[in-house]
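The annotation phosphate binding site is assigned in Swiss-Prot to Arg86, Gly124, Thr125, Arg126 on the grounds of sequence analysis.
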Amino acid sequence: MRPTGRSAQQVRPLKLTRHYTKHAEGSVLVEFGDTKVLCNATVEEGVPRFLKGQGQGWVTAEYGMLPRATHSRNAREAAKGKQGGRTLEIQRLIARSLRAAIDLKVLGEYTITLDCDVLQADGGTRTASITGACVALADALNQMVANGKLKKNPMKGMVAAVSVGIVNGEALCDLEYVEDSAAETDMNVVMTEDGRMIEVQGTAEGEPFSHEELLSLLALARGGIETIVQAQKAALID
């Protein structure tokens with residue numbers, strides 16, 4: 001029995017609140033159970049130096065956790081003077097995932113930055129960030145079209161992510177913290193809305209996993225992501 005009584009295939013209650021802050025071109029509060037992440041999209045003219053003159057845009061991301069997002073206070077990374085390796089890895093993952101959602105040539109020479117700030121962490125913060133940031137990105141692009149900055153929307157489709165893992169020998173979808181901390185295998189999967197894979201991060205924390213278990217986890221992730229994409233699309237209609 002899982003802590004909240006979910007089935008092995010079931011994702012946590014998912015809520016996507018759009019227009020959460022008023023200044024950002026796209027702003028979404030994403031909630032997976034007790035994990036809550038604020039995702040803001042900012043549109044700026046111009047691109048990084050390595051892309052200048054190529055007629056294409058760029059999507060990047062930053063990720064951080066509030067000091068009391070977890071059970072005990074963690075000092076702000078700004079106070080330490082540098083970002084940690086985990087933070088850098090996660091924000092690069094978010095950016096790579098979202099670049100797969102749009103046609104950068106159609107975007108033109110604009111940069112969109114997704115700021116993902118974890119308000120409360122209970123497992124799956126990176127996957128929640130990708131899911132919420134994709135909706136914020138969609139809102140920002142829709143606004144650019146409405147404002148005449150873009151003639152065509154460069155969005156190719158939704159991108160979503162979920163964690164899966166093996167806990168006490170059972171494959172589970174969308175791990176909360178107590179499950180994640182006890183997992184023998186932990187995996188983060190990012191997919192397009194039509195089920196193509198963008199990224200798979202899998203680690204055997206205890207026992208190595210078999211090829212069959214890998215396929216089982218990927219199938220579990222795909223089912224969870226299908227549910228998440230439906231929620232993303234429903235949120236964008238509201």
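Glycine is no exception: its Cβ is also placed from the backbone N, Cα and C atoms.
Because the structure is a prediction, the values reported are computed rather than measured.
What Swiss-Prot annotates, mapped onto the structure for a quick look.
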| residue | record | Cβ within 10 Å |
| --- | --- | --- |
| Arg86 | phosphate binding site | 11 |
| Gly124 | phosphate binding site | 26 |
| Thr125 | phosphate binding site | 23 |
| Arg126 | phosphate binding site | 23 |
CB-centroid shell, 8 A cutoff, phosphate site Arg86, Gly124, Thr125, Arg126, site residues removed: Tyr63, Ile90, Val118, Ala121, Gly123, Thr127, Ala128, Ser129, Asn188
Three-class DSSP secondary structure - Arg86 (phosphate binding site): helix
Site extent for phosphate (largest Cα pair distance over Arg86, Gly124, Thr125, Arg126, Å): 13
